[in-house]
Each structure stands twice: as C-alpha cells, then as structure tokens.
Amino acid sequence: MPELPEVETSRRGIEPYLVGQTILYAVVRNARLRWPVSDEILALSDQPVLSVQRRAKYLLIELKTGWIIVHLGMSGSLRILPEETEAEKHDHVDLVISNGKILRYTDPRRFGAWLWAKDLETSNVLAHLGPEPLSDEFTAEYLFEKSRNKRTVVKQWLMDNKVVVGVGNIYASESLFTAGILPERAAGSLTETEITQLVATIKAVLLHSIEQGGTTLRDFLQSDGKPGYFAQELQVYGRAGELCRRCGNVIEIAKHGQRSTFFCRHCQH
C-alpha cells in the first residue's frame, strides 16, 4: 500500500503539471472503486487548479469550487501522460488538463478513492486525523504524553492515524528498527529518551524515503512511471529469515493487528 512517502512523491510529481492549469473534464472508465467516484468529479468542466496538497495519505487537489480528494488504496498510482495515450485495463480515471496532458489513475485492485469536498472541514475522511509526522506538531513531548498508560504494542499504536498520520506498516517497522525499539513492547513502556529517539527516527526515515522516491514493492510508480528506490535500503521490512545487515542475526516476523512486523531481536530491545 502506498504510504506517506509514496503519496508525497506523487504530489510533488504531479503538482508542476496541474497548478495554474485548467482541468477540462474527467474521464471515468470505472467508477466502482472503494467508494463510487463522486458525481461532482464526473461533472467537472473547466476548473482551474489552485494547489495540490497532501493530508496523511490523501492527495488534495484544490479547485475553484471545491476539492478532489484522492486515496491511492492498496495498489493505486498517478501518472502524467500525453493526452493521446491509450488507456489500459486498470486505468480507471483521467483528468484532462489544458496543457495537453492527462493525470491518469491506475489501480489494479480498485481499493482507492476519488471523492469530492466543498471544503476540507466538511470531509469525513479527513476528520479526527493526528498530526503530520514531518510537522512541528509531532514532537517528543506530544508522543510521550500520548503514549502514557497505553498497553497497545508500539508498532500497532504508531499506525493509528489518530496518534500520527502516514506511518504505515513499512515505515513503522523501519523506524522502530533504526530507533532500536522492539515492536512488541507496549507503547506506554517507552521512556522519554526512547520516545525522543523514535520521533527523530520517524522523521529521518520518512524524509529519506521521500528523497528516494518512495518504496516500490508491488504496484507503486512515481508520476513519471519510475519506481521508488527506498526498497533497496530496507533494513527489516520484507526480510524475514534473512540476516540483519547490522548484527548478522536472523530477521524475525510477527503479526500485530493482522499486519506483518519485521524486526531484529538482537538490535531492538
């Protein structure tokens, strides 16, 4: 599933082609995604694009009359292509742009979403979200206070969007490894020093992944069709049974909240 770095990579890739241009109309070949494509998107006509933003794993395209909210789901990707590019089987939505390009949404598993909001304050999917991990609001003081008396294992807790947004399965495993914290520990057991290290590590891991264009494990592509390269630097995620690059012990796997967690018991405590 595309996580925060992949969504931010997509945002940065499509922004120069959209802002200042006009969306002439939308082509929707299959409206049956996770939720049906909003009627307002089906009816788009000559809408100037004011900005392209991100909140958590949602892309936010600001138009004069409202916002397109895009979630990439499990397998979605966005590409900028010449308008005449023929659609293939899993190409479900195109936004036709005034510069002769299209923004094409491809999603083999159709678990993404294209929604509409008159303003972001009224959007149900954006309500109750925690702070952005790369923002000044996400501090050690904030996370330490949130963690007190929490018995949930720290890996699962970090993936709660009410605590912090965008730290999905890959980056939770990688951040906990880099911070030296066992993912099976209760969130409330972490010391202030460990929380400080964890916050710094989450920010560093996410920033580095964005610099590498995200992580391509299955379907994610950047807006230019190229893969993300952070997968080549993964320390534990997806490496169960392989040797830890730091200590040489075997990487283990466990299930937390029905998600696979990867860790090194020697390097993490």
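Any Cβ shown, glycine's included, is placed from N, Cα and C.
Given the structure is predicted, the values throughout are model-derived calculations rather than measurements.
What Swiss-Prot records for PRO2 is active site, schiff-base intermediate with DNA, and it gives sequence analysis as the kind of evidence. In the three-state DSSP classification, PRO2 (active site, schiff-base intermediate with DNA) falls within coil.
Other Cβ atoms within 10 Å of the Cβ of GLU3 (active site, proton donor), summed over all protein chains shown, number 23. Annotation source Swiss-Prot lists active site, proton donor at GLU3 (among others).
Note on LYS57 (active site, proton donor): other Cβ atoms within 10 Å of its Cβ, all shown chains, come to 21. The annotation active site, proton donor is assigned in Swiss-Prot to LYS57 (among others) on the grounds of sequence analysis.
In the three-state DSSP reading, LYS150 (DNA binding site) counts as coil. Cβ-based neighbour count (10 Å, all protein chains) for LYS150 (DNA binding site) stands at 16. Feature annotation from Swiss-Prot assigns DNA binding site to HIS90, ARG109, LYS150.
Per Swiss-Prot, the feature zinc finger maps to 235-269. With a threshold of 8 Å between CB atoms, the same-chain residues lying at least 6 positions outside the zinc finger (235-269) that come near it are 153, 155-156, 159, 169-170, 172-174, 176-178, 180-184, 217.
For ARG259 (among others), the entry in Swiss-Prot reads active site, proton donor. Counted within 10 Å of its Cβ, the other Cβ atoms near ARG259 (active site, proton donor) come to 14, all protein chains included. In the three-state DSSP scheme, ARG259 (active site, proton donor) falls into the strand class.
If you compare Cα positions, GLU3 (active site, proton donor) sits closest to LYS57 out of the recorded positions LYS57, HIS90, ARG109, LYS150, ARG259. Cα of ARG259 (active site, proton donor) to Cα of LYS57 (active site, proton donor): a span of 18 Å.
Cβ-based neighbour count (10 Å, all protein chains) for ARG109 (DNA binding site) stands at 15. Its own atom aside, the Cβ of HIS90 (DNA binding site) has 17 Cβ atoms within 10 angstroms in the protein chains shown.
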